[in-house]
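Novice: Input: one structure, supplied below.
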């Protein structure tokens, strides 16, 4: 964070320097030299140049590891020594000059008495910049603050309730504990002894340790006190303690990243060498991976292991150290980039195959991993007690009624249809083996009929062995029973396998769809995209059915073909020729259908999109009296689709007709070949056995023929789903976790256009937003305001230039983690079907109290209480029960309920009356959050800290309301239009 000075502050600074020069000495700081601040009690008033402040970890009295940047001071600015810490610190603070010149003062002597009247304001201003900058460097590796923030103002008092924290408000406020105890950043203990105060910025906080009362002071008020230097040193002591944990978190995250990178390389090498080893012997795969230490994270890791998912110590979990909040399943799954949902454990659930679960003990809520046992039943893992065993009925009944099940995501890269098959069959080895064995045994049992037929007509009947005929009959009955059992066993395994594949692949497709960039959705209509998504499941169903049916048919045909060659090799060769003819005919029919099916799939998507548009626009159609034209538009496309369908079915009917007579023709061909083989010694019994085996063989080939046709039917569907499978998710494992955002934003020379043929929307746009500021964007329509919002949310990427959050390029960050810390209200926002509570809560992990607090801030509390069902009032999409202003206030409440670090408003208060807008503005101004608002109403932008005026994708004016009105530029012109 760089410190800059306004013109008024700069002039005051020059006056103060004259006074302070007599108290110290002016000297240049050594360039690129290290100036230790940890055990120093001096103050450096930086006049020119730049000084970077770093932290370095210590061990055994020596500096270890690399420097960690905390703050950048640009003259005029302030450096403060950290003095003699109460406890021996594990970190050292260093300052590195880049051509800086400073006046050096004795901080202990200067701070022993109140500051003089001429130096109070400049010193307070510089001290605020120092505290804010150092606070920004501290919070980067802390978990996002989940407790409700209560801003503390100078002269104000706060008694924070349980579940809340005290923060600064628009700058620095010094918190004085008048009662109770507190913890700075939830770590460093502070007591209400009247001896110390702690500075709070909008990013840092003071958590109560029981009952606590706090009074706020501004930095000018602090400097009027005697021994104000003591309070700065108390802040530095608490800072070093928190910084120690922050750097430890950062070191662990960097270690995790390095281990992950090294693990990928090692896995690649292991896989490569493994391919060579497996050429000569089996090479078992290693489970690998060190699990996390939290009991819930361990339980999730154990439950996910059978799904091929590895849960490790991610930065999100590491950053939770020092946080008193209990870890949730949602946090674990987010860190592992997987999906999970809650399931109810009803009835005798332990007798069903529910897959791996994370359940909870009803007595104390400790997490338990419930993993299916290959031998049947479940195994129970208790990480908290380091216990493991079989799940018995008593234990199953003692579990909490709700558990979590998990879904593995699809790989991040482009996918092909065969990839879906491989992913689907990846964890189905047991069922595949059961189906294979059952199919082989069923095929073997099927051989009994031809063999028995040969024996009956060859031996038993000619010999009048009646008793043997009974025995053969009983053997056939037993073979039929066994064949039925094997068939049922194989079918159950196939059904179980197909159910698992369908569930996990469909969940993976939906997960992938939700992770795709927004630019992907702009290329397709809603109905067309829905049809493509459903087509993925149709492709999966067709291909799994195709593979499984062909697989079983192939097994049966192998046994039948073996009998054919056993009885009559020459005729068996004819059977093979008939097989080739059948397959060739099926390929010809499939190829004839292909073009028609391609056109039909495209028409089907267009019709679904059209129907959805007609339904959503039915009121507009009625107002315009355009129902007949809408019907004509639909009817033209539907008639074309039916024409294509009829053509395809005529070709399919041709195949069905030929196949209906194929069995008789092929059997006639067999009779002809046998009769022509004059020298054949084929006896009656053998001939009948050959015919029975041939009939079974042709029955299996009929299934294969249908599978060939199905292959051609699937090809258009595969091409239809190709854009969905080729698209790459916007977030992958290479993206960095942003950590806790401070709200610092820099847009640097950004150029952007929506496609190569369209003109540029942004042309070298540059702006900067500091934490806690309220920034307004104004300008004529088409100047790029809404486009900038999309870029800030990561929906689009700049053509050139960059957007930086806390100094990190947005393109390198996990944008989903960024968006979870951003509250957004768009002018076109809508309510979701459901209750008011569900609409406001959204995806936030919020309580009922958070809900009412958000409704109160949005000026919606009284409206909700006046409704018959209160927060549980049900709404439909586009509900007419709410006015436009109520909808906007509900969207504002949804944006603030999650306590975001950044709020983006696009005409968010355009439908509010002046009184309601004043309530909302006043409530939002109390939040320690950065706000960026697009607005045209003067009442919305009048209180902004800074207003950026855009035109043709550039910033042409910057300033607050009064400054811009005095310039008589574009802003004043836009404002006067409203005033007149």
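The backbone N, Cα and C atoms fix where each Cβ goes, and this holds for glycine too.
Keep in mind that TrEMBL annotations are predicted by a computer and have not been checked by a curator.
Pasting the relevant annotations from TrEMBL:
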DOMAIN    433-710  domain 'ABC transmembrane type-1'
DOMAIN    745-977  domain 'ABC transporter'
TRANSMEM  432-457  transmembrane segment
TRANSMEM  469-490  transmembrane segment
TRANSMEM  546-567  transmembrane segment
TRANSMEM  573-591  transmembrane segment
TRANSMEM  651-675  transmembrane segment
TRANSMEM  687-709  transmembrane segment
Novice: In the same chain, who gets a Cβ under 8 Å from the transmembrane segment (432-457) while lying at least 6 residues past its ends?
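Specialist: Apart from its flanks, the transmembrane segment (432-457) reaches 425, 469, 472, 475-476, 479-480, 482-483, 486-487, 489-490, 493-494, 497, 548, 551-552, 555-556, 558-560, 563, 567, 684-686, 688-690, 692-693, 696.
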Novice: Can you work out the mean pLDDT of the predicted model over the domain 'ABC transporter' (745-977)?
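Specialist: A mean pLDDT of 83 is what the model gives the domain 'ABC transporter' (745-977).
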Novice: For the transmembrane segment (469-490), give me same-chain residues lying six or more residues beyond its boundaries with a C-beta closer than 8 angstroms to one of its C-beta atoms, as numbers and ranges.
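Specialist: Residues packing against the transmembrane segment (469-490) from afar: 434-435, 438-439, 441-442, 445-446, 448-449, 452, 455-456, 460-461, 552.
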Novice: Is the transmembrane segment (687-709) packed against any residues at least 6 beyond its ends, judged by a Cβ distance under 8 Å, and which are they?
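Specialist: The answer is 446-447, 449-451, 453-454, 457, 546, 549-550, 553-554, 556-557, 560-561, 563-564, 567-568, 571, 575, 578-579, 582-583, 585-587, 589-590, 593, 652, 655, 659, 662-663, 666-667, 670, 674.
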